[in-house]
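Peer 1: Sending over a structure as structure tokens; questions will come in a sec.
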Amino acid sequence: RGISSDQRPKRPLTAYLRFVIDNRPAFREKNPEVSNLELIKKLAGAWKELPASQKQVYEEARKTDWKRYGEQMAAYKAQLTPAQAAALKEERRKQLAKRRSIRAKRELNLLGKPKRSRSGFNIFLSENFQESEGISPVAKLKKLFDTWQKLSTSQKQPYLQLAEDDKVRYENEMKSWEAKMIELGREDLVRSKKQRLKKKPAETAKASSSGNKAKFKKSEE
């Protein structure tokens, strides 16, 4: 309590990032028409061609800040109780996990991974959200969820059928995408056989249940 990871001393910038921060305004003034990405490329090229003597200035500044950072970290850790240290370690772990998740999602988007199939309720939600009454998105969501729950099976059927069609679309697109990933040497992104077939046991159980009902009805007759 009273301690947050926000109070943790910030790691010093690298020599390259110091160069970028110092020179970005001048590069932007000289190249007002280029995109941010192109500007960064120009800065990276300038850093690469920078004489070692000039790079050393930024490196020395980094070393000075790194020494100060070590002293600040020692003081920061000294004030923590064991419970606070454990809590902050867990908070840090969650932050890193979240960053890794964001990076992984960004990579999958860049690689064109197909969007997951939608449920019947999600399709119903997307079709009716804009027209739904509600002060806030949360209120709209609750109202639509209540409406969905009250729909009859026949009223839900069109959305459930669209969801089944979307499952087929997803599986077909995933097979093509995974084949492409294998060609690119990214087998780590391909689902395991167990993941691809995980719904089959449930479908088998459903079929078995239907068969048992039929047998029971026949025996009664």
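In case you wondered, yes, glycine gets a Cβ from its N, Cα and C as well.
OK, TrEMBL features for this one:
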type     : residues : note
DNA_BIND : 9-77     : DNA-binding region
DNA_BIND : 114-178  : DNA-binding region
COILED   : 160-187  : coiled coil
DOMAIN   : 9-77     : domain 'HMG box'
DOMAIN   : 114-178  : domain 'HMG box'
REGION   : 192-221  : region 'Disordered'
Peer 1: By DSSP assignment, list the helix, strand and coil residue numbers for the domain 'HMG box' (9-77), in that order.
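Peer 2: When I sort the residues of the domain 'HMG box' (9-77) into the three classes, I find 56 helix, 0 strand, 13 coil.
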Peer 1: Restricting to the domain 'HMG box' (9-77), what is the model's mean pLDDT?
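Peer 2: Averaged over the domain 'HMG box' (9-77), per-residue pLDDT gives 94.
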